[in-house]
Amino acid sequence: MEAKPKQIIILGAGVTGLQTALSLLTSPHQTSASPYKITLIASHVPGDVSIQYTSPWAGGHWRSHATLSASDSESREWDGRTYSYWMQLLKNGDGKEGESYEERVQRIGLAIKESRNYWGKASEETAAGGVGLWWRDVVEGFEVLDLQGGHWEQKGEKPPNGSVFAINYQSIAINVPQYLSYLEERATQLGARIIKSSVDVSNGLEGVVRDAKRILLSSDPSLSENSIFALVNATGLSARHFVGPEEAAKLYPARGQTILVKGEAQMCRTYVDDPSAKDDEITYVIPRPGSGTTILGGCKQAGSWEENVDEDLHARILERVEKHGMAEELRTGQGRSFEVLARQVGFRPGRKGGPRVELEERGGGNIDGIWVVHSYGHAGAGYQNSIGSAEKVVGLIEAL
């Protein structure tokens, strides 16, 4: 007799929750149909616009934030896995026949894009020609650029003011609203369900588990409580409301503010340690493939919950991108200005000590009769961590 699939609840439908659902449903370790039935319970889903829903506000593109430190070893692994997975997805597709690369970009929301990174001061990353960039041998087309050479004249541009080091590589740009919709569609095609609902967080983790079970069981009377096998907590910053005071104290927002402008930039450009920027600001240009738009940024303001647009920061972002010539092809407005479509604020889900992707410590990981796995705190690396991080969750659940 064929065993009934194990019910797994995923709390949260951002990039972490959606990718975890998809990875569980497509795990290569399964020899037949997935042994899991996935239900995502989330207050916000792809298409929603809310300051509480972080994933749609991202730039974003593949640019690893991990360093060579031992504490970043897992993030390096996750980022490398995501890069490889995305490259194969874009080159070979996901099984949809007769699809061109251009059609794939439109449907999925990812595209291979040249990326140029600049540094405004010497650092561990720039030492000895960039040996501190652990990912130089992971990405395609990595090249250190000669800031004094003829490269710039050939490209018809010049490096940003104050830059001391520059590289070029093949990155992957993300049209984040489209990519989230793609993940949702793929997961639901494979049998996942999404219930748009909030869980009661007033009674700690135990209360969240009980309420999530209640929501699932009330949605399908044919289910029994003992069929629910595990719950994955992919709630980002919302986890602070129920994980306990010691863990909650580790969670913090890293506020970001960006500008959506008309036109798709030819490439991704990032200026780290821009001498004209404040310490918590970074200058970048990230096209959203297939959308006809580009994101200009930005900042990482740790601890700030300010939801309103900072007018001075808005002006500084535009000024820096223009001054450094980082997106000249987009200056199509009156007086060669950028055509601003929207101004955006979002809160990256930061965590002191890095992401938490592990089995719950209390009760041996079993709370109110089901296993609890956490996956949150990825800060600004949620997208480039996503494949590797989700596959770790799959491994944790398969080992139970």
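Backbone N, Cα and C atoms are what each Cβ position is placed from, and that goes for glycine too.
According to TrEMBL, the protein carries these features:
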- 8-393: domain 'FAD dependent oxidoreductase' (DOMAIN)
- THR54, SER55, THR235: FAD binding site (BINDING)
- TYR284, ARG348, GLY380: D-dopa binding site (BINDING)
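Projection of TrEMBL feature records onto the structure.
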| residue | record | contacts (Cβ under 8 Å, 6+ apart) |
| --- | --- | --- |
| THR54 | FAD binding site | GLY14, GLY236, LEU237, GLY346, PHE347, ARG348, PRO349, GLY382 |
| SER55 | FAD binding site | GLY14, VAL15, VAL176, LEU180, GLY382 |
| THR235 | FAD binding site | LEU11, GLY12, TYR376 |
| TYR284 | D-dopa binding site | GLY59, CYS268, ARG269, THR270, TYR271, ILE295, LEU296, GLY297, GLY298 |
| GLY380 | D-dopa binding site | ALA58, HIS65, ALA254, GLY256, LYS300, ARG348 |
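Around the Cβ of ARG348 (D-dopa binding site), a 10 Å sphere holds 23 further Cβ atoms from the protein chains shown.
Same-chain residues that are not part of THR54, SER55, THR235 yet have a Cβ within 8 Å of the Cβ center of the FAD site turn out to be GLY12, GLY14, VAL15, THR16, GLY17, HIS44, TYR53, ALA234, GLY236, LEU237, SER238, PRO349, GLY382. DSSP gives ARG348 (D-dopa binding site) a strand state. Sequence-ordered, the extra residues of this chain that approach the D-dopa site, with Cβ no more than 8 Å from the Cβ center of TYR284, ARG348, GLY380, are ALA58, GLY59, GLY60, ALA254, GLY256, ILE282, GLY297, GLY298, LYS300, ALA379. Residues THR54, SER55, THR235 are listed as the FAD binders, and the farthest two of them sit 11 Å apart at their Cα atoms.
Look at THR235 (FAD binding site): DSSP puts it in coil.
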